[in-house]
Ligand SMILES: *Cc1c(COP(=O)(O)O)cnc(C)c1O
């Protein structure tokens, strides 16, 4: 008899996006003439940069001829892409990495979800709250999160670090040891960041407590302000305590192409029960070599093209487009008196609902009064209650029209 992994059964259904769809459908049936603007989805809308398209065409052509055909590539990714990553994303910030410390993948979701493979099931876990759901759910699946406490919506073996307007979205450093901490900056869903000084506190905490930081920098390319670190390795000592995840999804519109990378420094170790220190790079390399057969050659050529002079200019123009949307939305919302966070170094606006309205109630009001769809903050964790997330990934005219409607309503 095959037995199931019963940890999966602890996962509550992911009702957030289906609940949203249900409410939107109900609205459409009762208001067939109203058109809806969707500012809820976290997907990009602008097309690929021409430099990437050209590189993919060229790579397809290579695949079409016996002399230039490529089969399996290295599981860790091709050196041409790894070298472009190191040279462009790290060296200019004074960070030096060996090729073997960078693992090309099919996006950050896979690796943030799979990294737990190389960590014991009984490590304690810490997350900022609200949070990208993958971090928690992937720990639930292997039993590491414990059991769900229905009353609080929290998992028993997870420490939640609330990020709300009360603490300016800066999570407090825990007053106890936690084995593994997930940090995501710039943050999804709040759109907020940590300064270098704030992130340094986390690195210092990790070094003092032998904590592993899993640092998700998927929105690094959206950073506009100078005091915001692009990589955790800008902080001294971070190579000893942190793994960094990056993605081309939001940077270059690769949500449908699928490519990113993970940095596991050579000096990063974790302990066995006997107290021996094991390099995590070695384990991750073994894990990837066994369970992953690499990202497609065509995709890696597309990613390489992001780092060409034309590619850089083109993706920068797209990022600017989204960030102009974010500015228009932020100004529009603030002019109504709403409190808005994020939107400066990230394409997300985290809007406080007025007068203590619940996330879902405000979601409904926004839908019925302004015909605009957001994402209720409670869907990202208990501390998201009382907020709604709007994304700046839409079309410009939709962002402008949405603000006009919200101004008229509020
Ligand atoms: C979008 C996103 C990612 C990227 O996921 P991919 O698998 O690379 O598309 C990673 N982390 C966060 C927090 C995100 O919002």
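Just so you know, glycine gets a Cβ as well, placed from its N, Cα and C.
Using a 10 Å radius centred on the Cβ of residue 389 (substrate binding site) and all shown protein chains, the other Cβ atoms total 25. The annotation substrate binding site is assigned in TrEMBL to 15, 42, 109, 132, 188, 293, 389.
Here TrEMBL flags 72, 108, 109, 132, 188, 219, 247, 248, 249, 258, 293 as pyridoxal 5'-phosphate binding site. Around the Cβ of residue 188 (substrate binding site), the same chain contributes 42, 132, 218, 219, 346, 348, each under 8 angstroms and 6 or more positions distant in sequence. In the three-state DSSP classification, residue 188 (substrate binding site) falls within coil.
Feature annotation from TrEMBL assigns domain 'Aminotransferase class I/classII large' to 35-406.
For the recorded site, residue 250 (N6-(pyridoxal phosphate)lysine), the DSSP three-state label reads helix. The N6-(pyridoxal phosphate)lysine annotation in TrEMBL covers 250.
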Measuring Cα to Cα, how far is residue 250 (N6-(pyridoxal phosphate)lysine) from residue 389 (substrate binding site) in Å?
17
Euclidean distance between Cα atoms of residue 247 (pyridoxal 5'-phosphate binding site) and residue 389 (substrate binding site), Å:
21
For residue 109 (substrate binding site): DSSP state (helix, strand, coil):
helix
Cβ-Cβ distance under 8 Å to residue 293 (substrate binding site), same chain, at least six residues away:
72, 75
